[in-house]
Every structure is written in structure tokens, then in C-alpha cells.
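Here Swiss-Prot flags G119, A120, H121, G122, K123, T124, S125 as ATP binding site, drawing on sequence analysis.
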Amino acid sequence: MLTRGEEKNMSKTIHFIGIKGSGMSALALLLHQMGYKVQGSDVDKYYFTQHGLEKAGIPILPFAESNITNDMEIIAGNAFRKDNNIEVAYALENGYHFKRYHEFLGEFMNQFTSLGVAGAHGKTSTTGLLAHVLKNITDTSYLIGDGTGRGLANSQYFVFESDEYERHFMPYHPEYSIITNIDFDHPDYFTGVDDVFAAFNDYAKQVKKGLFVYGEDPYLRKLTSSAPIYYYGFKDNDDFVAYDIMRSTNGSDFKVRHGQNELGSFHVPAFGRHNVLNATAVIANLYIAGVEMDLVRQHLKTFSGVKRRFSEKLINDVTIIDDFAHHPTEIIATLDAARQKYPSKEIVAIFQPHTFTRTIALLDEFAQALNEADSVYLAQIYGSAREVDHGDVKVEDLADKIVKPAKVITVDNVSPLLDHHNAVYVFMGAGDIQLYERSFEELLSNLTKNTR
């Protein structure tokens, strides 16, 4: 196990099986920055995390048995098993020991004061915000679910995203943790919202010094932990209350109080009600951890967001927003943010459902969420490698349930999107929705050859 107290063995390579995964790529970057030799393997298909890996000079290899050797520490992505990956199969058959991502991380974080961010939605944005503020105040290492990682050997703090899928967060015992919400997702694993709650309740019991949870979530109100639980939100019965909220096209301004103690006014250059909550969670955590509020206030103002969370670009005077939203709750939050920043523009949603199981389980909720847009376009369902399409649901089934104008498009023909004027285009999904986005960008660029 790698710790900062040990002499670095610079000849030992750390090999990541599935290095393009968002958590894996972030961890690879972190260890690379700490001075370790890092490499990894994955499929050839482009994934947005590989830009950072390539920029750092980290080798990305095709999957091959020859990648596995005696002189390395192996970290395997959670999705890779003996029956679907030749490297995992080779390692198991030949006695090579490896750790799963979450197992490695659970041991690694023990050398720091660790701050986790869990929740069904908003983990990545909140982790990014917490890491941004803390790294500008003191030496901080972090892992963010957008594939971003930073490693400093002398860090006091370690900020990380804590994922509930398949209960992967159970090896984690952080000093502090934010939990943004509890909601039913991952129907391929969880049996229902009560099963999700049970997982989060088990995780909460492992937090050591302080738990910060959204007070208006009825499931979060039922959590139990030996650590103090602090509720944040908009209601007077919360421990940390955000109030006097002013939403504008420049972001959100608000005040926070803790009991009778006024913590002051804050600004975050982010949009949507959910981002006020995320910022309040960060403020609460850092206040209890003893961080000076003037410093928190100063660095909240300079947060520029995380990858694939309301990421904006301008192509020929057309605004395109890229977002990872793949659950109805996330879609509503993203469209709310778009309306805050662009109140006078038509909001056009382009959404790709992610996994057949989720689409079946939440079909009506997806339709209701997408009705928050002015117009809707749907891409074909992106199936997970963990499931088989039995033909039980088609994207047209979702289109039929949407009240607003809704059409199905293909990646080869996105020209129907040109029918809108004075519009903002919001591309949402966790699959390959960016292929549709790139097709639209190319179409716009070819119209005037004036890309900026």
C-alpha cells in the first residue's frame, strides 16, 4: 500500500485496468503527481477523461495479458471481471494480486484528513466545489468524478467522491462527509429506494467527525451515525440555513446562518437551486472543520465548475451546454440552471437515456422532467455493458410520454436542431451523447466556418 510515510519505490509501476473510468483516471493522475510511475489499459474508444491522462504523459495501452507483470501494483476497475476482461482473467489465473478501485482508495485515504461527498445526485459538482475552495486555502489532494485528480504528498486534506453503486463506498471511513440526497437510481443493483437508504445508512455509520446532509430530504433525516449530524438547507429547522437567495445570470448570492450565528454573504458563479445547496453543504463542512469563513467566501467566488456539469461553449453564436444528467432529478436541476442563466432563450433539451433498466424503471419520471424544456430531442438509449437489450423499451416509448414537442434524432442527422432560433441547446446523458453534440457543432461550424 502506498503511503506518504514510505520511501517511494520509483521502479514499481502502478497499472490501472480500465484507466479511462472517471474515478480511475482521477486516481491515476493523483498518484502520477505524487511521483509514482503510472500506466493503464482500456478500450480504444475515446472517452473524455483520456485528455488529462495524455497531457500528463501517462501511457494508455490496449487490454493485453502482457500488461500484467510481477513488478507492479494492480488496480482494477470495478466493472472488470474474469469473464469480460483478459487482464483480470490473466491476473486471477496466474496468482497476481490486485485491488479494486474502492479497496485501494479506502486504504489510501487513511493518511489524510478525509472529506467525502456522497449522494444520489450532485456528488461531482459538490466534490469539485469543496476541493476548489480547500486547495486554495491549504495543501489538498482530491479525486473528483469528472476524471480530475490532484496529489500532493504533504497534503493535510483529501477530498473525494464517494459512490454508492454496488455499495462501493463501504471501505471508506472519512472524518467528514456530505450527503446531498437519497434517491432511487441504479435499478440494475438496488431493489428500491429503501435499499438505497440502507446503503447510505451503513456508510453514515462509518463517518468519524461530522456528517452534513440535506435537511429537507426525508430519507436523510432518518440516517443514524455516531458522528454528529448537521442538516443544511432552506428551512429554519436546519442547522445551516441558506436564505436571502438572489439568482441572476451571473450566479447565485445568498446568506448562511448556523443557529444564531451569521456566517455572512456568499456568491457562487453557478446556476440552479441545487448549486446553492451544494455551496451551503461545503460552507457547513468547512465551518465545522475550523476553516476561516472569509477564505471560504473568497474562493467560492472563483469556482469554474467541473467537467460535463453544465459545461458551456459558444459555436457561431449558439450556446451549447454539456451535462452528465442521466436521472430525472438531475435533468430538472440542469434545466433549472439553464433557465436561470438564459431566461429569455428557448431551452432545447437533447437527452440520451442511459441503460435500459433505468429507462424502464423511471420512464414516467423522465417524461415529466423533460417537460421542463421547451423542446426535446432524444438519442437512442445507451445500453450498459452490464445489461442486455431485450427489446422491453425503446426511446420512442419515452417520446410518446413527453407533452412538449419531442423527436428522436440520430447522430448522423442532427439537422432538426437548426429549426430553433434564440435557443440554448442542453445536451444531457451519461453515454455517448457527446457524439451527437459534436455532430451538431460540426453542422454549425460548416454553416459559416466561424467557430470560436
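Keep in mind that glycine also has a Cβ here, set from the backbone N, Cα and C atoms.
Remark: of the binding-site residues G119, A120, the most isolated position is A120 (fewest other Cβ atoms within 10 Å of its Cβ). The least crowded of the binding-site residues H121, K123, judged by other CB atoms within 10 A of its own CB, is H121.
In the three-state DSSP scheme, A120 (ATP binding site) is classed as coil. Shown in sequence order, I144, G145, D146, E161, V306, R309, F324 are the residues of the chain, 6+ apart in sequence, with a C-beta less than 8 angstroms from the C-beta of T124 (ATP binding site). Sequence-distant contacts of S125 (ATP binding site), defined as residues of its own chain at least six apart whose C-beta falls under 8 angstroms from its C-beta, comprise A270, H274, N275, N278, G305, V306, R309.
Neighbours of the ATP site: apart from G119, A120, H121, G122, K123, T124, S125, residues of the same chain with C-beta atoms within 8 angstroms of the site's C-beta centroid are V117, T126, T180, N181, E330.
For G122 (ATP binding site), the same-chain residues 6+ apart in sequence whose C-beta sits under 8 angstroms from its C-beta are T180, N181, H274, L277, N278, A333.
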